[in-house]
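Peer 1: Let me begin by handing over the structure; questions about it come next.
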Ligand SMILES: *Cc1c(COP(=O)(O)O)cnc(C)c1O
């Protein structure tokens, strides 16, 4: 995707607009499967919550991936994208028994992450195969908001509760066909990940009817040149060896599952905004754009740093800018950022805008959520229209009578 492609998309579809590069998603998919090519049965389930547009689900499914979902609505999106229930996994946290039962009824593999619901589900549906999510209590990440394997985490069944888990399985006669862990985003140290994997192997040997081991995700992607990222190739080599050895010992074929979101789509996304105002103050130069944390919340919410380039004037002399939004509340995208000289009307492109960007967008300040475009085979495909005023008022019910003073 060149700057010219992006400028043409902004011109045709307006701004703000999210653009996803299909080629990049595919190369990431191939990089991951390539790293694990020594594992006989590998399955990649794309984490739908990262970017849940139907066209993106269809694209990634086309590469051979299944889907990892966290709500019944995501399951329905995957089904609407034409994906078979047998290719969908449901990995929620803290949902009701009703929701789990409804999803299991659709023929989707369910994953349960607490003993209370496990006991209730197993008692009512002992024949439905269930995966269990364990918490190995391993810290694998920087940002505490997205580290989910540690001791205070609400996710998973603690490994210290495995005896209780086994008792529930025995008493209900239920069938556990998978063990899962997801230690959270940002795997920087492969040894930490492998340590968690050893805990999963150790747990798995007590279950006799397993079909798969799911190692979750948390692969870190670079946000800028020189950033540390998960060394997928090294992880692939080391984990494949251990997995193959475990499978041999286990005596039955097992599938190795991953459920990446960010790794597949983060770098493929560009968010295009237009500069409304250049505001010189006594302390900085603000570039105010036609968007805000309503459309891209990551910088304010996680402190994430998205590279910003001025694609209207890429060769311009670099100057320092604070890039801010138009929300009536502080919404800073970047401060003291060196960007090629910006004029009002220029189009800026934010990098790493594929994962957890559109999917976290809201209508705050009663703004429309942006359009989405998939750049596929050299062509721009509009895959979501920008919202309209009708979308904003669609579910609202105005009072019928005049309000008295
Ligand atoms: C969010 C999530 C993922 C995806 O995580 P990434 O860091 O985006 O790869 C995978 N599995 C589960 C259970 C999740 O909740």
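Keep in mind that glycine also has a Cβ here, set from the backbone N, Cα and C atoms.
Reproduced below are the annotations present in TrEMBL:
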type	residues	note
ACT_SITE	328	active site, proton donor
BINDING	218, 356	pyridoxal 5'-phosphate binding site
BINDING	298, 302, 329, 356	substrate binding site
DOMAIN	18-354	domain 'Orn/DAP/Arg decarboxylase 2 C-terminal'
DOMAIN	24-266	domain 'Orn/DAP/Arg decarboxylase 2 N-terminal'
MOD_RES	49	N6-(pyridoxal phosphate)lysine
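Mind running through what each feature is packed against?
Peer 2: Under the three-state DSSP scheme, residue 328 (active site, proton donor) falls in the coil class.
Residue environment of residue 218 (pyridoxal 5'-phosphate binding site) contains 28 other Cβ atoms, counted within 10 Å of its Cβ in all protein chains.
In this structure, residue 298 (substrate binding site) is part of a helix by DSSP. Taking Cβ-Cβ distances under 8 Å and a sequence separation of 6 or more, the neighbours of residue 298 (substrate binding site) in its chain are 304, 306, 356, 357, 360.
Non-local neighbourhood of residue 49 (N6-(pyridoxal phosphate)lysine): 69, 70, 74, 261, 356, 359, each in the same chain, at least six residues away, with C-beta under 8 Å from its C-beta. Reduced to three states, the DSSP call for residue 49 (N6-(pyridoxal phosphate)lysine) is helix.
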Peer 1: How far is it from residue 302 (substrate binding site) to residue 328 (active site, proton donor), counting Cα to Cα, in Å?
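Peer 2: Distance between the two Cα atoms comes out at 20 Å.
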Peer 1: Distance check, please: Cα of residue 329 (substrate binding site) against Cα of residue 218 (pyridoxal 5'-phosphate binding site), rounded to an integer number of angstrom.
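Peer 2: Here the two Cα atoms lie 31 Å apart.
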Peer 1: At the level of the C-alpha atoms, what whole-angstrom distance separates residue 218 (pyridoxal 5'-phosphate binding site) and residue 328 (active site, proton donor)?
Peer 2: 34
Peer 1: Suppose we screen the recorded positions 218, 298, 328, 329, 356 by Cβ distance to ligand 1 with a cut-off under 6 Å; which survive, in sequence order?
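Peer 2: The recorded positions passing the 6 Å Cβ test are 218.
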Peer 1: Take the domain 'Orn/DAP/Arg decarboxylase 2 N-terminal' (24-266) and average the pLDDT across it for me.
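Peer 2: It averages 93.
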Peer 1: So if I draw a 10 Å sphere around the Cβ of residue 328 (active site, proton donor), how many other Cβ atoms end up inside it?
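Peer 2: Cβ-Cβ neighbours of residue 328 (active site, proton donor) within 10 Å number 9.
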